[in-house]
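One structure coming up, written as structure tokens, with questions to follow.
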Amino acid sequence: MPMYRSRTSTHGRNMAGARGLWRATGMTDGDFGKPIIAIVNSFTQFVPGHVHLKDLGQMVAREVEAAGGVAKEFNTIAVDDGIAMGHDGMLYSLPSREVIADSVEYMVNAHCADAMVCISNCDKITPGMLMAAMRLNIPAIFVSGGPMEAGKIDIADLEMTKIDLVDAMVAAANDKFTDEQVQHIEENACPTCGSCSGMFTANSMNCLAEALGLALPGNGSTLATHSDRKALFLEAGRRIVEITKRHYEGEEKGLLPREIATFEAFENAMSLDIAMGGSTNTVLHLLAIAHEGEVDFTMTDMDRLSRKVPCLCKVAPNTANVHMEDVHRAGGIFSILGELSRAGLLHDDCGTVHSASMGEAIAKWDIKVANNPEAESLFKAAPGGVRTTQAFSQSNRYKDLDTDREGGVIRSKEHAFSQDGGLAVLFGNIAEDGCIVKTAGVDASILQFTGTAHVCESQDDAVNNILTGKVKEGDVVVIRYEGPRGGPGMQEMLYPTSYLKSKGLGKACALLTDGRFSGGTSGLSIGHVSPEAAEGGTIGLVEDGDRIEIDIPNRRIHLAVSDEVLAARRAAQEAKGWHPAKPRKRKVSTALKAYAKLTTSAAKGAVRQV
């Protein structure tokens, strides 16, 4: 029988001092034999997706202790990408993922915890904790804070009734809106606690946690404000004790993160991502999580899946007026997984923390096939329509569910939005190791696009050039030296893409970068160009006026410059060093320098190489 890890610090004469300290935390003799469950929280008042998590850790802890475990809570950091956006704060976002993973490892291993419940929500917190779970490989269950309700608005010139923070950004840069209208949009864009309401990075990752098998059904789509979400937290507390005892005392196999999140589970997660048009950031994170679990899942696998998995669901920012609350009404993630399964595009035999197999879970939770009142009730959980920062503050329910798979929010393969999926990997001489585009957000008219390079040596330059009218129709805005090393930190480019839309160039220009994009990005926005400029990538050799050819259907991107000219440019660049031609006013701290020194390319998930 595997010995509880916690016995290292709770048993033996030599641990008298440690037990004395444990007693000072409230433990008694009867606790020194129970599994110690780490409650890994991420509460912060800086982030709306985490502002409501303060008391939820202790709520889970009470369930853990009632089920026979000992609960010990600690907190990680959490960066709000939306607040950090558009200034040097964004340099810290991606590196914070590694800090989160490390901090979880440090706390869990230093105190010999046996298992953990991870309470995450926003962009880098869920992937950071998933990386830690794969690294530690102890029983773990993920339960996120949930999505916020969509903003509701009625402005004549705005072609939508549901909005989010991206709409506020676009409106603010669009001169057709008055200051009063912009303020009205701003005030209504983010009405409640929770992760931003569209299929941005946070919600994408929380949905993928379901597909990986490490989160409970409803984790990705049940609103933060709805009382039904409370049940997920309570169930996580009870179930973690159950699977911990089954692993350590019953010697049962298939309960650890690496046994659940196998190569096939990563294929399931990526297939879901492609089917729902998730954030391109998920590519980075899935690669990093797989790396931590020693799962050989690569960009090549993603490319293979992207060629056969259809787009079954379009959510903001890929379409207007459809948000996570609408996905939930249509049956949530298990309804998308069910459609993938029926299309032969899912590994049904993968395990989960809640069911013996993914197929068994689909049979119970997919509203199209399940005769399950519990599932029907869960997916009728509706928004409350009241501004609040309180979790579980309302119990509204839809009168009916969206089960229309021909024209509804979730489609069957036969009625897919496109038979080509929502994410694609492109390769070419400007991106030998690949780059990523969210095809679900690209208008069909520009899936094939040839344009003229407009080179910017930083995101700041790009923003200035777009807002001052220097970027013209037909341009490919190239933003370089913003990769993991070059930034450092691989900034998100939400402002440039939003400003292109506000200037009416969303369908007339492309954007190409070795940086990355917010989950709120749409349009012909191609990121993660690898190798990055700072590593000697060809993107560093592009000059103003060069022709760039983008062919998404054929997964190709090409810089139309001869090999001889590129060789001459490379020799000249190597002579002066791979750095921006125009000096940047950017203070790089010691922490960021350390990150830049160790990080790898986006094609490898921007993980550290040590």
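Cβ coordinates come from backbone N, Cα and C, glycine included.
Copying in the features that Swiss-Prot gives for the protein in this structure:
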ACT_SITE  S518  active site, proton acceptor
BINDING   D81, D123, K124, E492  Mg(2+) binding site
BINDING   C122, C196  [2Fe-2S] cluster binding site
MOD_RES   K124  N6-carboxylysine
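Provide an account of the burial state, proximal residues and distances for the features listed.
The local packing around S518 (active site, proton acceptor), expressed as other Cβ atoms within 10 Å of its Cβ over all shown chains, amounts to 30. A coil conformation is recorded for S518 (active site, proton acceptor) in the three-state DSSP classification, outside any helix or strand.
Under DSSP, K124 (Mg(2+) binding site) is assigned to coil, being neither helix nor strand in the three-state scheme. There are 31 other CB atoms within 10 A of the CB of K124 (Mg(2+) binding site), with all protein chains counted.
The number of other CB atoms found within 10 A of the CB of C122 ([2Fe-2S] cluster binding site), across every protein chain shown, is 28.
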Just to be sure I understand: of D81, E492, S518, which recorded positions have a C-alpha no more than 10 angstroms from the C-alpha of C122 ([2Fe-2S] cluster binding site)?
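D81, listed in sequence order.
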Would you pick out, from the binding-site residues D81, E492, the residue whose Cβ has the largest number of other Cβ atoms within 10 Å?
E492
Cα-Cα separation of K124 (Mg(2+) binding site) and C196 ([2Fe-2S] cluster binding site), in Å?
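One finds 14 Å between the Cα atoms of these residues.
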Compute the C-alpha separation of E492 (Mg(2+) binding site) from S518 (active site, proton acceptor), stating it in Å without decimals.
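That comes out at 5 Å between the alpha carbons.
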Sequence gap of 6 or more, C-beta under 8 Å: which same-chain residues meet both conditions with respect to C196 ([2Fe-2S] cluster binding site)?
G49, G82, P147, M148, D164, L165, C190, A202, N203, G519, G520
Suppose we draw a 10 Å sphere around the Cβ of D123 (Mg(2+) binding site). How many other Cβ atoms does it contain, all chains included?
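The Cβ of D123 (Mg(2+) binding site) has 34 Cβ neighbours within 10 Å.
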Round to the nearest Å and give the CA-to-CA distance linking D81 (Mg(2+) binding site) with S518 (active site, proton acceptor).
8
So around the Mg(2+) site, D81, D123, K124, E492 aside, which residues have their CB within 8 A of the centroid of those CB atoms?
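Near the Mg(2+) site, beyond D81, D123, K124, E492, sit V79, A84, M90, S93, L94, C122, T201, A202, N281, S518, G519.
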